[in-house]
């Protein structure tokens, strides 16, 4: 094997250790003129009834070295468990020319020596996984200066007691039921919110309608996720539900960030329109969320086998961090403005109650972002592969709690201290906004 660059070793460690388990377990892809010494296809949690099927066709190996006929046994597919990953990396670091196909820590599937002779050059075989574990499917090219082209079809599944195939990993087979349950929770939440708005029509503002829309989109996103995982579970492919899932996920994320920003600015119930700097936050966040969702689709629908997969992960992470920071600014501006206003307008008690509410909202938003971005990732990393569903459940529970708290704090109610703004306050705020003197 050619000397493996350190970056490839890091990529192998990062991708196999932290790659989220694949969700569409029948995949077809094309590799064209690829010279990478190792390609990670996907990750899957197997039970003792697990199977993996790999089909390749239209295989060609082009050598740019003096040897036009590379040794076929030095190119092949294998499975690698997470426990064995560090051992393989240690072998590679000790001997950069070491071929991973020679390691006794990997589960060999086949090499190019098993292919049918040209011009067909194809292979199709199913393998039982007798040792339950979470495995990563790799292709290794241990021949220096060679480029490989091939069409690859992979199929991974576990068998249920009744003999049917379950294409979801061992730790994700509960997801259809989980998402269906939270869909019902949000439908009930939407019904209760609609009733609350109806019974308090006099204090309903445009932001409350956006909040209702957020609940509706979140519900649709969850039912699409449930159907997506259900069809993947029984057939191996999402049957188009993944398209609807990504559409509603995009709308939900953009709407959630928009609602948080607008609540933080006090739009519609504290002032009738936004200042220029608040509009700029929306102008920045919404396009970034478009980019983040494009990255999410590329990450979810392809895999680490594409050359730019790590780059897309980095783009998604960077954009998400920027958006999370951006939505904090309007809340901070509002807190600062209320603190300054309370010193001069003679309404210290009223401003103090609003200031307290904004501080509480700030803490709630920070807690939500911290848990969903850091704690959930930690759960996915440390949880055993059979219990990956726990991290998804934790994320949905925290999201639901966040929605309930946020909606309760800013509900349409006569006695809600945040909305109880008398006429002279509204006129003063509108005048200050027109003069661009009301810093928020």
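First residue shown is number 1, and so on along the chain.
Cβ atoms are placed via backbone N, Cα and C, with glycine included.
Close to residue 124 (N-linked glycosylation site) in the fold, though at least 6 residues off in sequence, lie 53, 54, 55, 56, each with a CB less than 8 Å from its CB. Taken from Swiss-Prot, the feature N-linked glycosylation site applies to 124 (among others), supported by sequence analysis.
Taken from Swiss-Prot, the feature N-linked glycosylation site applies to 162 (among others), supported by sequence analysis. Around the Cβ of residue 162 (N-linked glycosylation site), 5 further Cβ atoms fall within 10 Å across all displayed protein chains.
According to Swiss-Prot, the feature N-linked glycosylation site maps to 351 (among others).
Positions annotated as signal peptide by Swiss-Prot: 1-24.
The feature transmembrane segment is assigned by Swiss-Prot to 175-195 (among others), with sequence analysis given as support.
According to Swiss-Prot, the feature transmembrane segment maps to 207-227 (among others), an assignment based on sequence analysis. A Cβ distance under 8 Å defines the sequence-distant neighbours of the transmembrane segment (207-227), meaning residues of its chain 6+ beyond its ends; these are 175-180, 182-183, 186-187, 189-190, 193-194, 197, 241, 244-245, 248-249, 251-252, 255-256, 258-259, 262-263, 267-269, 403, 407, 410-412.
Sequence annotations record features per position, and here Swiss-Prot assigns transmembrane segment to 243-263 (among others). The list of residues near the transmembrane segment (243-263) in space but at least 6 beyond its ends in sequence, with Cβ under 8 angstroms from a Cβ of it, reads 207, 210-211, 213-214, 217-218, 220-221, 224-225, 227-228, 274, 278, 281-282, 285-286, 289-290, 292-293, 296-297, 300, 323, 326-327, 330, 361, 365, 406, 410.
Under 8 Å from some Cβ of the transmembrane segment (281-301) lie the Cβ atoms of residues 23-24, 242, 246, 249-250, 253-254, 257-258, 261, 274, 309, 312-313, 315-316, 319-320, 322-323, 326-327, 329-330, all in the same chain and six or more residues away from its ends. Taken from Swiss-Prot, the feature transmembrane segment covers 281-301 (among others), and the record attributes it to sequence analysis.
Residues annotated as transmembrane segment in Swiss-Prot: 315-335 (among others).
As annotated by Swiss-Prot, transmembrane segment applies to 363-383 (among others). Here the transmembrane segment (363-383) has long-range neighbours at 18, 20, 171, 260, 320, 324, 327-328, 331, 390-391, 394-395, 398-399, 402, 405-406, 409, meaning same-chain residues at least 6 beyond its ends whose C-beta is under 8 angstroms from one of its own.
Feature annotation from Swiss-Prot assigns transmembrane segment to 390-410 (among others).
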Q) By a Cβ-Cβ criterion of under 8 Å, what residues six or more beyond either terminus of the transmembrane segment (315-335) are in contact with it? A) 257, 260-261, 264-266, 277-278, 281, 284-285, 288-289, 291-292, 295-296, 299, 355, 358-359, 361-362, 365-366, 369, 373, 439-440
Q) Sequence-remote contacts (6 or more beyond its ends) of the transmembrane segment (175-195), Cβ cut-off under 8 Å? A) 168, 211-212, 215-216, 218-219, 222-223, 225-227, 229-230, 233, 389, 392-393, 396, 400, 403-404, 407
Q.
Helix, strand or coil by DSSP: which one applies to residue 124 (N-linked glycosylation site)?
A. strand
